Amino acid sequence: MSGYEKPSRGWGFCALSPVLLSLLMAAPLGLLGEETRQVSLKVISNRLDFSQNLLHIRAVGTNSTLHYVWSSLGPPAVLLVATNTPNSTLSVNWSLLLSSDPDGGLMVLPEESIQFSSALVFTRLFEFDSTNMSDAASRPLGKSYPPYSLANFSWNNITDSLDPATLSATFRGHPIRDPTGAFTNGSLAFRVQAFSTSGRPAQPPRLLHSADTCQLEVALVGASPRGNRSLFGLEVATLGQGPGCPSMQEQHSIDDEYTPAVFQLDQLLWGSLPSGFMQWRPVAFSQKRGSRDSAMPCQSSPLHPTLAYLLPQSPIVRAFFKTQDHSCAFNLTFGASTGPGYWDQHYLSWSVLLGVGTPPVDALSPLVLGIMAVALGAPALMLLAGGLFLLLGRKRDSEYQSIN
């Protein structure tokens, strides 16, 4: 059974790094960025089993189209594909996609219009005790519990959560086998939201988005931890562009208006031009209404090459890329042994932007500009006032005439 989709209408100032500048200069004009895009969300279901479905986000610009294909077949995964035509489409052949050899089961057509493509796969959810933890991102020293393989989760029908008004949908899942009952009242959710123009969400971390991006919020809610002060982590796999792994960068600023006390922005950049990217603040939250009081550090390990067959396989990644010779992975760890944690309210959320082209760059906020103006302007005004006072004083002395 096959489905074929026709075109539808529908934190602070950071200087540009040499890498970003080269991306800006070298990317084709059609993919340098669109101020607005016509965005559509469509659920593509297997007619033989409606519980098997894909979420296709199609963002059409003047001379380009961005395709985000989200899937819960196997581990949660997303394909990022950018084309240089506003008429590219997604083709899905369910019979091939679900077979042992899924080559050609998922394609973006015409294939020659593809300018960039890669994928992210969320493979495992880690849990470990935070006791005596020194470097959670690379080697947790506390007790490590058996990880949850996200390929062995059961997920909701994405159609039930599709919201065209907010251009969002949510994959919500729990382990198929849960002998400890940890997820009896809990779930792991992946909320996806697309954008037709630039802006900033109302809730922290308030990542600046553009029409070339979509946002993913990962939330662990209500699951019973296996330790008194458990920390959780997420394993993320991606495809390298060539023999190496994508690059990881840190941007720093003096502005924390949108995410208080967080002065860093982390980025993952793929190497091809135009590049795809991930962008996130190194912060997670232990309450649904994120605030400074519920902020937890988010640590990321370095990207390292890995063999694809050692990771849970995503059918859509296998179908689109055929061979996966250059896989890389890294871990994200949320929280620390002290401070806010998942144990507060059995809640954890983390947000990331995915996109193609040049990552959004924050300008200094009006508040910071005002503070800088006052800080720099006050001394100048004092000097000016002092100079005027001296001049007026000298003038008065020169006008004085002795009565003698």
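Keep in mind that glycine also has a Cβ here, set from the backbone N, Cα and C atoms.
Annotation comment: Swiss-Prot describes Asn63, Asn132, Asn157, Asn185, Asn228 as N-linked glycosylation site, evidence class sequence analysis. The motif 'Lysosomal targeting motif' annotation in Swiss-Prot covers 400-404 and rests on similarity to another entry. If you look up Swiss-Prot, you'll see 1-26 marked as signal peptide, on the strength of sequence analysis. Annotation source Swiss-Prot lists topological domain 'Lumenal' at 27-370, citing sequence analysis. Sequence annotations record features per position, and here Swiss-Prot assigns topological domain 'Cytoplasmic' to 392-404. Residues annotated as transmembrane segment in Swiss-Prot: 371-391.
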Query raised in the report: Judged by the number of other CB atoms within 10 angstroms, which among Asn63, Asn157, Asn185, Asn228 is the least packed of the glycosylation sites?
Result: Asn228
Query raised in the report: Could you give the Cα-Cα distance between Asn157 (N-linked glycosylation site) and Asn228 (N-linked glycosylation site), in whole Å?
Result: 33
Requested in this report: Would you mind reading off the Cα separation of Asn228 (N-linked glycosylation site) from Asn185 (N-linked glycosylation site), to the nearest angstrom?
Outcome: 18
**Report entry** C-alpha spacing of Asn185 (N-linked glycosylation site) relative to Asn63 (N-linked glycosylation site), in angstrom
**Finding:** 47
Report task. Could you pull the average pLDDT for the topological domain 'Lumenal' (27-370)? Result -> 89
